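> Structure in structure tokens, see below.
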Amino acid sequence: MVGGPHYEVFLGRNDARVSKASSLDGRLPKPSMSMSEIVEMFTSKGFSVEEMVALSGAHTIGFSHCSEISKEIYNNSKYPQYDTEFNPRFAQGLQRACADYKKNPTLSVFNDIMTPNKFDNVYFQNLPKGLGVLKSDRGLYSDPRTRAFVDEFAADQNKFFRVFAQAMQKLSLMGVQTGRKGEIRRRCDQIN
């Protein structure tokens, strides 16, 4: 449907008996985190910086709620107009697109404005141009630890796909439920 890399998904895993978003606090990066915090979060789990950048490439599809970026695109004490890492025309476009975010909390923008419905490396090509929606996206290009990987993935989609697929498989091995922990669901969207 959207393209992207192929990788084997391991089967026969136990699912949790309880699913709460709050259980993920501190385990998933937030868009407002510094790049140092995000790098530390991933490396502490055994991921390389290259794998972390590749996994961030999942932002090539999907969207972000305007409320997540409002502080960076509207006038406030920290930024006179918008975060200076934004391309100025892009920031102005985000301001227009998100103008009613207080009235409509579900208002959102695509993470990749060029190819929002295609899993490709255009997300990485956008970052040097100041077209990263989230602070964490823009940080990938401004941080010297991650910038070279952004450049590599922007130039070589096959390499991005290869590293992304390997990192996704590695991610799928984290926290696997064994024994009596969890269950194999009859329907994946319902607890037995």
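Positions of Cβ are set from backbone N, Cα and C atoms, glycine also.
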> Could you pull the disulfide partner of Cys66 out of Cys98, Cys188, going by TrEMBL?
Cys98
> According to TrEMBL, Asp112, Thr115, Asp120 bind Ca(2+); so which of Thr60, Thr84, Thr146 is the extra one listed there?
Thr60
> Work through the recorded positions one by one (Cys66, Cys98, Asp112, Thr115, Asp120) and name whichever has its CA nearest to the CA of His59 (heme b binding site).
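For His59 (heme b binding site), the closest Cα among Cys66, Cys98, Asp112, Thr115, Asp120 is found at Asp112.
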> Counting distance between Cα atoms, which of the binding-site residues Thr60, Asp112, Thr115, Asp120 is nearest Cys66 (disulfide bond)?
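If we rank Thr60, Asp112, Thr115, Asp120 by Cα distance to Cys66 (disulfide bond), first place goes to Asp112.
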> How many other Cβ atoms are found within 10 Å of the Cβ atom of His59 (heme b binding site), counting all protein chains shown?
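The Cβ of His59 (heme b binding site) has 23 Cβ neighbours within 10 Å.
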> Can you tell which of the binding-site residues Thr60, Asp112, Thr115 lies nearest to Cys98 (disulfide bond) in space, using Cα positions?
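Closest recorded candidate to Cys98 (disulfide bond) by Cα: Asp112.
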> Using all protein chains in view, find how many other C-beta atoms are within 10 Å of the C-beta of Asp112 (Ca(2+) binding site).
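Other Cβ atoms within 10 Å of Asp112 (Ca(2+) binding site): 26.
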